[in-house]
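Annotated in Swiss-Prot:
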| type | residues | note |
| --- | --- | --- |
| BINDING | G10, M11, S12, G13, S14, G15, K16, S17 | ATP binding site |
| BINDING | D59, V60, R61, S62 | GTP binding site |
Amino acid sequence: MVLEIVLITGMSGSGKSVALHALEDAGYYCVDNLPPQLLPAFVALEHHHHGNRVAIAMDVRSATSLHQVPQELHRLRSQGVAVQSIFLDATIDTLVRRFSETRRRHPLSHDDPQQERKALVQIIDLERELLADLREASHVIDTSQIRASQLQSYVKSLMPGAQGQLTLVFQSFAFKRGIPMDADYVFDVRMLANPYYEPALRELTGLDEPVADFLQLQPDVDLMRAHIEQFLAHWLELLDRNHRSYVTVAIGCTGGQHRSVYLVERLAQSFGNRWTALKRHRELDGRQ
């Protein structure tokens with residue numbers, strides 16, 4: 001059987017432990033804070049002792065060796081290992097708030113607590129710089145506006161793509177709450193007719209049939225969908241040929257409730273026949 005390796009990295013406070021626990025629940029043998037220089041020996045050992053599914057978490061405490069990881073992942077892939085690298089991220093405001101709420105110290109913090117509070121933003125900026133190469137080589141998940149249970153479910157949903165097939169993630173969002181940090185492509189659909197201004201549709205979402213019926217009658221909506229599909233169809237083929245594992249396509253409208261949700265549903269349906277297509281509705285998920 002093909003050996004599956006899932007690497008979990010990312011910013012301190014972004015949810016790496018939550019993601020690792022999700023993989024443990026899914027049947028992966030998990031290890032936390034593995035030094036990067038031990039990765040080759042560990043992979044060889046665990047393949048013989050713990051089966052075919054291994055998840056590894058690394059953080060910035062191994063910063064001096066992390067630059068080796070992308071090259072090592074490439075080597076493992078060339079040997080037929082199915083490797084996924086997931087990088088968890090969040091906005092700086094979110095990370096600062098999480099450290100404040102948990103009262104935990106940042107791994108790169110100074111010994112002086114007073115200095116730590118003053119420098120937390122600078123420490124996070126330094127961490128982001130140290131992890132930049134690893135982030136570039138990974139599938140990025142923005143955890144700023146999702147709960148732990150939602151992150152666990154999302155990480156588990158990514159696992160079927162471990163065999164190297166391109167996985168598309170279509171995500172709806174509200175511009176007023178910020179563009180998702182993990183988006184590879186962002187499409188603005190705020191110029192389309194808004195069901196919010198129809199009293200009978202205001203409290204519904206793009207998942208509801210009356211909203212879908214309304215939007216299907218708008219020529220510009222269908223034209224927007226067709227143009228997005230045409231753009232993606234061309235470039236996804238190239239990304240697939242270059243062995244890209246994940247592409248996140250974010251569709252944004254004003255409230256993330258009607259237009260973007262509807263288009264995400266239609267795009268996922270359209271591209272699901274060719275690739276693995278996942279759906280996320282950021283603002284709707286936050287209601288649950």
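From the backbone N, Cα and C atoms, a Cβ is placed for every residue, glycine too.
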Within 10 Å of G10 (ATP binding site), Cα to Cα, which of the binding-site residues V60, R61, S62 are there? V60
On a C-alpha basis, identify the one among S12, G13, G15, K16, S17 that is nearest to S62 (GTP binding site); the candidates are the binding-site residues. S12
Near ATP: residues not in G10, M11, S12, G13, S14, G15, K16, S17 with Cβ within 8 Å of the site Cβ centroid are D59, L88, A90, T143
Round to a whole number and give the Cα-to-Cα distance in Å for the pair V60 (GTP binding site) and S17 (ATP binding site). 14
Could you say whether, by DSSP, G10 (ATP binding site) belongs to a helix, a strand or a coil region? strand
In three-state DSSP terms, K16 (ATP binding site) is classed as helix
Of all the binding-site residues given, S12, S17, which has the fewest Cβ neighbours within 10 Å once its own Cβ is left out? S17
